[in-house]
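The feature ATP binding site is assigned by Swiss-Prot to Gln47, Asp63, Asn121, Lys122, Asp136, with experimental evidence given as support. Taken from Swiss-Prot, the feature GTP binding site covers Gly48, Ser49, Tyr50, Arg51, Asn52, Lys197, Ser216. Annotation comment: Swiss-Prot describes Asp61, Asp63, Asp136 as Mg(2+) binding site.
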Amino acid sequence: MNFSEQQLINWSRPVSTTEDLKCQNAITQITAALRAKFGNRVTIFLQGSYRNNTNVRQNSDVDIVMRYDDAFYPDLQRLSESDKAIYNAQRTYSGYNFDELKADTEEALRNVFTTSVERKNKCIQVNGNSNRITADVIPCFVLKRFSTLQSVEAEGIKFYSDDNKEIISFPEQHYSNGTEKTNQTYRLYKRMVRILKVVNYRLIDDGEIADNLVSSFFIECLVYNVPNNQFISGNYTQTLRNVIVKIYEDMKNNADYTEVNRLFWLFSNRSPRTRQDALGFMQKCWNYLGYQ
């Protein structure tokens, strides 16, 4: 093993208090700018590594979701064809579309942050400065996944990239399920995620892997699917070994993994990630850490 137990413990810790303060400053300032435009028609919350408390790199971006609550997209895939026809015959349209929402969001942010604002493919970016970190603001609508005509199975968010790709996610379920997993594993779930993210950055810096081989989201999902009994209280070295071995063996056996939200399969047509990506990453982590 190339690294001591204490080194793994150090890697498992979240970002510093200073970084957390800069994150809070960004959230407060951006929330005020959005409220000035949209009032209480929106819900504003975090998603991603900062929200899930798995961030490890200094000066990382924070993802701020602005969900417009006065309209929603329906997901009718689980309804019968006859129920879909009934729903579509009765539905009404809000008259406010996503292109307008993103444009209004950009305008609201430019009114406050002026030249610090950049429109990106999937978000509006507010660049950081000495007292706030860079933030990606994601305007979106509510998504309602219907299980029957009268029942909503789950609520998430939906938006479109500027190149017209539909994006659906369930950040609230991701957060709550990840927190539950952490509480059930002696708080080791998120700590193992942080360690693997540190190793990922080191492998990228050393030129061992491409910088887009695995995302933070992908790492969180892989570790989430490791059974709770593989997380050993007070033993980071053994737990990390268990996690890497379990994921590697599962990928060789084509195991079905879910996203942390438990509402999508991890390996599906909606995701560019493959089991081969996970296999390759686990092998690189094993070699880098020096397990035998």
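In case you wondered, yes, glycine gets a Cβ from its N, Cα and C as well.
What you see is a predicted model, and the numbers here were worked out from it, not measured in a lab.
Where Swiss-Prot records a feature, it is marked here on the structure.
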residue	record	DSSP class
Gln47	ATP binding site	strand
Asn52	GTP binding site	helix
Asp61	Mg(2+) binding site	coil
Asn121	ATP binding site	coil
Asp136	ATP binding site	strand
Lys197	GTP binding site	helix
Ser216	GTP binding site	helix
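Cα of Asp61 (Mg(2+) binding site) to Cα of Tyr50 (GTP binding site): a distance of 9 Å. Counting only the Cα atoms, the space from Ser216 (GTP binding site) to Lys122 (ATP binding site) is about 17 angstrom. Here the binding-site residues are Gln47, Ser49, Asn52, Asn121, Ser216; the one with the fewest Cβ atoms within 10 Å of its Cβ is Asn121. Cα spacing between Lys197 (GTP binding site) and Gln47 (ATP binding site): 17 Å, rounded to the nearest whole number. For Gly48 (GTP binding site), the binding-site residues whose C-alpha atoms fall inside a 10 Å radius of its own C-alpha are Asp63, out of Asp63, Asn121, Lys122. For the binding-site residues given as Arg51, Lys122, Lys197, the lowest number of other CB atoms within 10 Å of the residue's CB is seen at Lys122.
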